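The structure appears right after this line, and notes come after that.
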Amino acid sequence: MSTTSDYKTSKEAFVSGMSGSTIGHVNMISLVALSSIALHSSLRTRLPPSKPLSFPAEFLVLAVPLLLSVTIAANAPGLLNLVLIVATIGVLLMFPRRESGNVLPLGVSQTSSPNRDGQENGRARDVGVDEEEEDVRGMGRDGVALGITHIPLLPALTTYRAHMLLLTAICILAVDFQVFPRELAKCETFGVSLMDLGVGSFVFSQGVVSALPIIKNPLYLTTPFVPKFTTVLRKCLPLLLLGLLRTVSVKGTEYPEHQTEYGTHWNFFITLGLLPILQVLLHPLILYLPISLVGVIVALSHQLALSSGGLTSYVLNEPRESFISANKEGLVSLTGYLAIHLLGLSTGTLVLPPSPSYFRRQQDLLRQRQLQCLSPTSPTPSSTFPSVYDISSLNPSSSTASGVSPTRERPQSELERDFQFPPRSPTRSRRTSFDTSATDSPVLPTLTSFNSLNSLNVNSPSIPSRPSFDTHLSPYSPTSPNFSNEGGSPSPNPAQQGRRISTTTTPVKRENDRTAIELCSYAFLWWVSLGVSKLVGVGGGVSRRLVNLQYITYTIAFNTTFLLGYLLLDLLFFPSPLSKSVYSPVSGLKVTPAAAPAVGGEPNGSGRDSRIAGTSDVSTGSDTMVGGAPKLLDAINRNGLVLFLLANVATGLINLTIPTMYVTDGWAMVILTLYTFGMCAVAWGCRGRKLWRF
């Protein structure tokens, strides 16, 4: 018992008291991820169709560089990056780019058919999120149309999330070995380290995908609080239970723990489980303010409480005498993590929709609707939106009693059109000659609720016509069957479910160039803010323990920059006709270009042309066109939570059976390589399937 206790004490000292590294060093190590993706992309664009990258090749190119960057190459990350970049340039110079004829752009959907990888040929499912959360064809599992019918592919998000999770899984075990540099371990109080950054990046990534419900249906922000809160709590309950289970298991096995990380009983699973619940509480504020502004307000308020409210002294000096003080780090840092989550949510509203300005437009319209309902006599500030609502329709009898003549009920199809991308006129949308798309989106079912209003009247039902640059997105409907799965109102009556959408669809435009420009602007702004805060000395330095303003700013700047990097690599290696903004040479308005013809003269989206990004030819079983996230990273992203849990369990078992602190560097690399290979093999074996749904 004394030997076990002595080792536990030594192990806790081994991972405690760190002061961290530098921002440049951490960024250079993380840059290896981008360099490996560049090498992988160069290989995919040069290899013949009959020789796609196999699992060993993907593991060697994508996972091994990450492992080396945090172990034996951690002190020379620049050299490792140079090797990867030289290899990339060599591949580009030695082999010609593969020709693929008329290539369908990213985002094309097609009738599904299984291929040898257990995936669906032509199914655009790679948006970087859980397929249970969002089918990019805009359809639920029962085939009923959702609010936004197409979320085009965003492989950059899948790659970003999967690479972050893989690096996290490697680090949580590698930190227990001597081969892992101590400056990369979690800092005691102040300092910059790779593992500290990983925690914030996990929260940021969670915030990005949390944008799905409000993108699919902006009215989600106005739904009643109690059912929405109940649904979100139900979805977060597994994480909270996992946090409780981890606390019990750690205490029961006397597993070495870093108490100043989150506290005596708190852990990261509890933090992750509480953040979506806290986000719901801020929906009334998000309705009227930009999400990024709400995140900044929360961050500044948290820093003010740390600096002027005495929370810094409380966290650093208060003895652990009660349950609250025993978990002071977890409780105090929760507000800071909420700020990171909200700023990630804001980033998600930029990168997930087809256009980075899409959610802002919907939010403006929704906010104006709310204000008009509160002030029925105020004039409409913009001719783009319909006239104000007559709130007297809430109680017809009150209209008559007050002498106000009730206006005619507004046709619900007109109200639905207001929440389209972009709005269309009541008649068939007018298209420029440059836009050769021929089919409008189907109209969704009746809009039955708007912030608990049973009926809405409008003084003028007319909606001005405006040219459409993307008419493949149908209006929103809060009665979507998947809406309740995201924390909204109950599922609709089957009679109101409306028409079903065929699995054969037309290409959807994604303005990745505009998204990249906005991400670049935000990244620059966050790096400048970090420089200013460090120059002024706000918060005393970067502190993951306090999650202060400098830590929040650094986390957002880092993740925004690397998400931008993945997006730029996609634009560079896999350019698509529908990945850039196109303007009519006649009118100067944004339009959708004509889709490329398919093989055999069959129209795009309806033929059997398998040259779709990220898909395979069923007849040959080989990739005929590259694009989309790498198969290994797509598989990791699809089962991210399961793999993260598996990594934690494997780390615990290895530490309970091996005195990792005393293992030599050579044996440590063997163990870490086998561990990483096993994690990737599990993900690869389960690609195309979801192991755990909740």
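Start at 1 and count along the chain as shown; that gives each residue its number.
Every residue, even glycine, has its Cβ placed from backbone N, Cα and C.
Range 20-41 is the one annotated as transmembrane segment, of 20-41, 240-261 (source: TrEMBL). If you look at the transmembrane segment (78-95) against the transmembrane segment (20-41), you find at least three C-beta pairs under 8 angstroms, all six or more positions apart, and that counts as contact. The transmembrane segment (641-661) and the transmembrane segment (162-180) are in contact, since at least 3 Cβ pairs between them lie under 8 Å (pairs 6 or more apart in sequence). The transmembrane segment (162-180) shares the most Cβ pairs under 8 Å with 20-41, out of the stretches 20-41, 265-286, 293-316, 336-359, 551-574. Contact count against the transmembrane segment (293-316) (Cβ pairs under 8 Å) is highest for 336-359, out of 192-215, 265-286, 336-359, 551-574, 667-686.
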